[in-house]
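Chemist: Below are the features listed in TrEMBL for this protein:
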SIGNAL    1-17  signal peptide
REGION    59-78  region 'Disordered'
COMPBIAS  65-76  compositional bias 'Basic and acidic residues'
DOMAIN    210-320  domain 'PET'
DOMAIN    319-383  domain 'LIM zinc-binding'
DOMAIN    384-444  domain 'LIM zinc-binding'
DOMAIN    505-565  domain 'LIM zinc-binding'
DOMAIN    566-625  domain 'LIM zinc-binding'
DOMAIN    628-688  domain 'LIM zinc-binding'
Amino acid sequence: MAVHFIITVLRLPYALTFVSRVILPDSQVDSSKSTSSSAAASDNMAMIATVHPYNRDNTSSSGFKIEDVTDDPKYQDDDEGELEGALVEYCRIDHREQKPAHNVCEAATVVSARGINNNDKLLSFTPSTPAAWKSSTASAVGTPRMANIIDVDVGSICSASNQCKCFGFRPHQWRKVCVHCKCDRSEHEIGPNQVLSVYERLGIKPTDEMAAVMKTSSRDTPGSVSHGYAWVPPGLTRVKVEEFFSQYPNHVIPRLNSLGEKYREKQLMIQLPRQDLSIAYCKHLRTPVERRIYEEFVNARNEISLDIGFVCPSLPKSAECKKCRGVLEKGDIAVTASKMGEDAVWHPACFICATCEQLLVDLTYCAREDKIFCERHYAELHKPRCSACDELIFAGEYTKAMNKDWHSDHFCCWNCDTTLTGQRYILRDDHPFCIKCYEDVFANTCDECTKPIGIDSKDLSYKDKHWHEDCFLCNMCKISLVDKPFGSKNDRIFCSNCYDNAFATRCDGCNEIFRAGMKKMEYKGKQWHDKCFCCATCKVPIGTKSFIPKNEEVYCANCYEDKFATRCTKCKKVISTGGVTYKNEPWHRECFCCTNCSSSLAGQRFTSKDDKPYCANCYGDLFAKRCNACVKPITGIGGAKFISFEDRHWHNDCFICAQCTTSLVGKGFITDGADILCPECAKARLMAAHS
């Protein structure tokens, strides 16, 4: 039986391609001159080859496969169920229009618009004395005293230690990060019993009135460990404490030994940075003027804005929440803030910072322009904050870069701490690097000369390999491959001519090579150009039509039938399916029938006469001997036995005594005319005849 194959003709995904200039991976460049990083990337984007998938015809049963002339398995298409090849459009790079591989930025020095002696109205007060502060703020906050703030001990575990492999917290000399893992200080765990109350963190004592409230309720609710919370609003019964926290998201409720307790500890550090609260924790106030302005800022903030909210266990009348504008019914629990007026109330979960929208830790807030803020973001409304050391900047000049503010000597390389103010730098993973460190740490190595590819050089890449522009040469003829097609073989690159001459496969028909864009057909280890893949008889290109292989050659369907197809002995037509063989001769099933009655003999008993087939009935009627007793034909089909005597024949079952019907098979008998008799009956008939 002949097997038919279908060839699908595909475009050869040739190995010739183009390299593009590489914008540094995972890096971006910032500019203090408001240059868009996305625009810079767009300007430097080089054109690359675009591949359009070729969809296989679902009816194809192709015996062909597409061979990529590259030898890299990463460039083979694994999805053979949907793609058989690809049409490749090659784009060329005009290297003369290429910009440098990296946009190198410079930080800008900013002179404060407010001036060194101007605290933006808020700080225009005469420096307060402790007595003046006490008299003006005691009613709201309490009596000032020296803050005693412990945040993170040396050796504290980093919360991300599984990823960063931190050996324990060790503070940087001036950054807010750990020397070991470079994670923020707030990402490290706080030791036991080191988180103080908000009064202790602010460095103040509660007012006499608040102290009395706390003392009165100390047996029932105030921040007692026995009640299972790290902090509770003072003055509330246990029932009201539960009602208050029921309005908080579960993950921020400060239950002991819970995520909520960790959240509160972290927010105490973030919302109330110790360097904003006491000059004792400020390391970068370098002149008496800066220290004076700092004190003025702190005193004015404490006098005008800083306060601690109070929880009203039962509102005397209904009111509107100042945050969500929802209704608080009479008798509801609510938070009040004296700096915002007597009528200002909030749902417990709505008492949040207007900037970061985090719950105000322990209800500590700063009021400004009818809004409430955490102390951190309130301070940043008046003074820039250094992104490196996390201190407010009171100097007249500072550095602005990466859309952040820095002390002039704190904008430094993330790797070596060399100052970058007025210097070129490159941004990587949101951190600035000096040119030297960037090239030492991140620059790719040229595959040809093994030297680093600096930021002022073009980085040409292909298959995770990199080259200087001057090093991107053909491995054989050494011509530049920039803006030219090339091929890859055994981790080496070649121009198209050298690649073709050395490695390109050749057609088994004409022995010419396959060039880019040519159609290539392969079958059983051989390959042809489409014009060379022809029928062995008629020499017509087969293309995508059916073909049949025979003796290492291929034939179109018509030529194969003419030359090799089996034909029926009777009708002489080609037998495609359902043929039968009789005496080594092929027949169609419908042609193999009885010579006499033309009934089909397929699957039936038959015999032959003069090399012609007959069914059993016709053969018996036409040619078989007939039984002398029953006159029916003796066909012999199935191995039937019969008896012959002289010119007479009997079926075995019919060869019996005519008188007594005893079987005479294997016994002696006597003939009497047409009858056959056993000896006894013959004797009896003879005696009867003579009597």
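Each residue's number is its place along the chain shown, starting with 1.
Every residue gets a Cβ built from N, Cα and C, even glycine.
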Chemist: Please average pLDDT over the domain 'LIM zinc-binding' (319-383) for the predicted structure.
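Modeler: In the predicted model, the domain 'LIM zinc-binding' (319-383) has a mean pLDDT of 95.
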Chemist: Please count the residues of the domain 'LIM zinc-binding' (566-625) that DSSP assigns to helix (H, G, I), strand (E, B) and coil.
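Modeler: Helix, strand, coil within the domain 'LIM zinc-binding' (566-625): 8 helix, 21 strand, 31 coil.
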Chemist: Could you give the number of helix, strand and coil residues in the domain 'PET' (210-320) as assigned by DSSP?
Modeler: 58 helix, 10 strand, 43 coil
